[in-house]
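Undergrad: Here it is, the structure in full.
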Amino acid sequence: MTLEAIRYSRGSLQILDQLLLPQQSRYEAVGSVRQAWEAIRAMKVRGAPAIALVGCLSLAVELQAGAGGPGLAALVAFVQDALSFLVTARPTAVNMARAARDLADLAAQEAEREGATEEAVRERVICWAEDMLDKDLRDNRSIGDLGAHHLLKRAAPQGGKVTVLTHCNTGALATAGYGTALGVIRSLHNLGRLEHAFCTETRPYNQGARLTAFELVYEQIPATLIADSMAAAAMAHQGVSAVVVGADRVVANGDTANKVGTYQLAIAAKHHGIPFYVAAPSSSCDLRLETGREIVIEERPDQELTDVNGVRIAAPGIGVWNPAFDVTPHDLITGGIITELGVFAPEELQAALSATIS
């Protein structure tokens, strides 16, 4: 049985409430764009690809139920307004913003066709959102396979197995399935070339301890959980061959926004001479931004750092800074950026993808 973060059939969308994992596996119905926004904001669903999928599919559910209209102009306005609203839930991840732009443009173009009808435009928008699921899964499998083979050539050129360290959650729970960085680990395991995986707990939201560890145990992949503060020691003493992380936004020069804590992993990996990889679909690449300094970093509520499961663990009155992401400079991404289109050095990324994305 495969883990599913998203369950969808025409007119029905359910998400696995990831706030309850690993203690409970409970699916929650999402029947509107507003409900999707709230689920994304609360991090019941998370991971850049999954955010875009849930956002667009929630719109498809509303459209299937008859929302929008009457008339082409009103329908297009409804689609565009809904998509703009969804982008505000978690703005650092680019996938939702790109999907919103593309889908809004599609709706407008379809409405301008000669003989266009409200029913035809509605159907076209729904189908586009549904196609995202299949494409994401295909892309993730490509990322996993391309990344695994590139990593093996770099880290184990004489053969043998590798040990990989990863951060946050980038598996089936963050995507339509298989995963990005965790997909690379999965592919290595399927090839019989994975010695061991290390996953960080990923404070303050513990996505590594709650979600990645859950996936690794579920898939019976040999793995060990470590605290974030143990990563450099693991590189020094546990035979780590490579670090592979995901991304919420990769910009034109290769600077990468990912879960906070990624930057320090890249610094430690470079110090130890360990290749550091970013695994992300091309939909996570934003070539309109030149450097990471332009990325807007989301800041989360204080309570996510001061409280654990509703119990306060920090001294009352202490100040809190809680950014959800940090930016890893491109020169620290020494292994490469793994996409479904290939593995590229940061300086190669813009030329490689410019014909495909913007």
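Every residue gets a Cβ built from N, Cα and C, even glycine.
Pulled these features from Swiss-Prot for this protein:
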- D248: active site, proton donor (ACT_SITE)
- M1: N-acetylmethionine (MOD_RES)
- C168: site 'Transition state stabilizer' (SITE)
Undergrad: Neighbour count, 10 Å Cβ-Cβ cut-off, for D248 (active site, proton donor): what number do you get?
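TA: D248 (active site, proton donor) is surrounded by 29 other Cβ atoms within 10 Å.
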Undergrad: Same-chain residues six or more away whose CB lies under 8 A from the CB of C168 (site 'Transition state stabilizer')?
TA: T200, T202, Q207, G208, T212, V245, G246, N258, K259, G261, T262
